[in-house]
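Notes for the one structure printed next.
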Amino acid sequence: MAAELVEAKNMVMSFRVSDLQMLLGFVGRSKSGLKHELVTRALQLVQFDCSPEVFKKIKELYETRYSKKSSEVAPPPPPQQQQQQPQPRAEALPLHSSYDRGSAVARTLPTPNIDYPALYGKYLNGLGRLPPKVAKPEVRLVKLPFYTTLDELLKPTELVPQNNEKLQESPCIFALTPRQVELIRNSRELQPGVKSVQVVLRICYTDTSSPQEDQYPPNIAVKVNHSYCSVPGYYPSNKPGVEPKRPCRPINLTHLMYLSAATNRITVTWGNYGKSYSVGLYLVRQMTSAELLQRLKTIGIKHPELCKALVKEKLRLDPDSEIATTGVRVSLICPLVKMRLSVPCRAETCAHLQCFDAVFYLQMNEKKPTWMCPVCDKPAPYDQLIIDGLLSKILTECEDADEIEYLVDGSWCPIRAEKERSCSPQCPILVLGSSDVNGLLPPPAGNGENGKAPADVVDLTLDSSSSEEEEEEDEEEDDDDEGPQPKRRCSYEKGLVSAC
């Protein structure tokens, strides 16, 4: 049975469009589409539903085709005679060049000496990708810091509408190799049910001018085998009149796939509204913010002397400028979380010396990737981040200040806060030791410590108006009880000067 299956595949791969259409029409399947689509349907038929009637029809079409050309080219010899007879000429029985990138083997009739199952697997993994005769630029996707690509299962392939309907469906089939299955099974779990090694689907605009960011088409839905895969939803918008945005990121298909040699089928449903989109399948390893931070600490630290030279360059006197800059202030507080910096970093493309904290920057982009500098609001991608070695050294040496100033010679000095400067008392404390307080004489000199009279401290924070009101109330109560009384002497002498 395996030999018959291989033989049937070999015959199907040598068919022309008319032969493929007759075979598909025989089993009641769609005959429309390009040749590579017809070949794919026929190969699926052979692999999954090759009944004796279908095999007989394939053999009949094969013999009919080559019986017409018997006068020009002899039919291929039986397998038993192929070892004794020479191979037929490459131009005698042409195949499509996509099966082996234009090699002589791909243009000749299939023979048992060729590894056709491997050839068939390559075709499945590249479904819809027919390499052109003339090299054309391909669609490229931007590299994502949190995803390390291990294998490319399907190169970016354009979603081609099959009719004029607004809602289109594009199928794709592929099979994982045993090595890829083992990578997925043996990978660690990022969270329950989510492996670090994943098969992801990426979608972008069909544009070959530059690497493209992920972009979903309208009305997107992804079906893996027999189940629909969840697609990131829209961010809610609080501003009136502003359409909600959708985070476009790789779609993880791993949990719905067959982790075996079985063929997986993916169907992408999308809205056809004029724009062209391409899809690609990748085997990736998802990274965490902690792993990216460790990698940045390993390869992204800029030497303090280089940072010092950059400071000198920034403060260098410009002869054409009328204003001379003698220093520049840099905050030691992260602009993202308003906390003291722990790992100061910035992008090499940024023109400022101010840094932000790499720990929080990576964590924020792990949840919502924007990769924008919080200082200048310009792109700060991961591969352009550097850790400022000079500022890292300053953070360990200056723990009592939240701001420093770089000087023209590359040195620095801490900037103290104004409230710290005002901690020392600005006015003397008033001490009354010899005045007649409350009409009492000062105590003898020998009663205090070290032969000095103890000092009386007057609290100047009392409100004078409140004390006067209390005295008047006391006088009124005394007048009611005992009649008119002489006025009391004020407990403080008049003309007392404030200590401030």
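Glycine is treated like the rest: Cβ placed from N, Cα and C.
Per TrEMBL, compositional bias 'Acidic residues' is recorded for 466-483. Taken from TrEMBL, the feature domain 'SAP' applies to 12-46. Residues or ranges marked as domain 'PINIT' in TrEMBL: 125-287. Here TrEMBL flags 319-400 as domain 'SP-RING-type'. Residues or ranges marked as region 'Disordered' by TrEMBL: 68-91, 440-500.
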The domain 'SP-RING-type' (319-400), counted residue by residue under DSSP: helix, strand, coil: 22 helix, 19 strand, 41 coil
Mean of pLDDT values spanning the domain 'SP-RING-type' (319-400): 91
The domain 'SAP' (12-46), counted residue by residue under DSSP: helix, strand, coil: 24 helix, 0 strand, 11 coil
